[in-house]
């Protein structure tokens, strides 16, 4: 190049490639992964995620968020603090942080059911939100098992054999027949109580009743019933439960489920909470229902999303936490985290680093009906 001394690199290229850096903030963490020369220490391995980068670092931040929720939840309240127990419509005592857990139905179909059951059994969360499948699949598993299969199994052949596929899980259709046999007498009883005792059924009351009737400690909703943890499912008819309610309406019509009372219930849990935390696995109605309840208090104090959805189609499922901040569903001074990952991989690890580390601090499970 003209003007460049022989044997010297072009000055413009040198300036571009060897541009000097400004100093990073002093609190910037250095990237450092786990050193397996230390042996296999799973707690230390998961701690190292925080400085590993990418979604591992988001996982580490999610651990911090959930531990912050737990720390506030376990703080003793002042004696003169107003509990608003008459307004929340809940039999659960107020704590320093009300934790909302939302999850889609496929997670109950999977082995994440057992992780969720652990949290509910030990009173670690305060409000559950799920879909119809998130209720019925738990109950059905008490009647018959779900099996591992393959994502690649052909739908035509499965249908011919009465096998339903949920990703790489298989549910024999006979399971739903057993569910119908179990559920129909309960629906009959609910209609009778509605007509003779004036019982006003809601989705949450129905789910609590089903948890009582299943009477199986393997069930999420058995423990939700015992520990007075409300389970909200605004789309309760969108699944096998809805199919059974539909069929039952011909045999014994008249069952009414009031979703407005449940709307007041979840909103009041947020409004009168001292602080709130959201842990949301997946997207759709469960994600928005929890976030919208927290709008009623000008946003949640803590939030963790775990899902694989992207924001580029404008979906609520894919929306990052910052979009919820714009709506007032997460507080402006919060530090929410989204982990872009399959919850079946991440959620048990998150519980292992948070709730399970503090199991002794939570009150003993209740055992009365």
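For all residues, glycine too, the Cβ spot is worked out from N, Cα and C.
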Practice task
Out of 174, 181, 188, 243, which one does Swiss-Prot list together with 136, 137, 288, 314, 315, 316, 323, 324, 325, 326, 327, 328, 329 for spermidine?
Solution key: 243
Practice task
Quick one: pull the CA-CA distance for residue 136 (spermidine binding site) versus residue 283 (NAD(+) binding site), whole Å only.
Solution key: 19
Completion exercise
Per DSSP (helix/strand/coil reduction), residue 136 (spermidine binding site) sits in helix
Exercise for the section: Give the three-state DSSP assignment (helix, strand or coil) for residue 326 (spermidine binding site). Expected result: helix
Practice task
Return the single residue from the binding-site residues list (136, 243) that has the minimum number of other CB atoms within 10 Å.
Solution key: 243
Completion exercise
Candidates 107, 283, 309 (binding-site residues); nearest Cα to residue 329 (active site, nucleophile) turns out to be 283
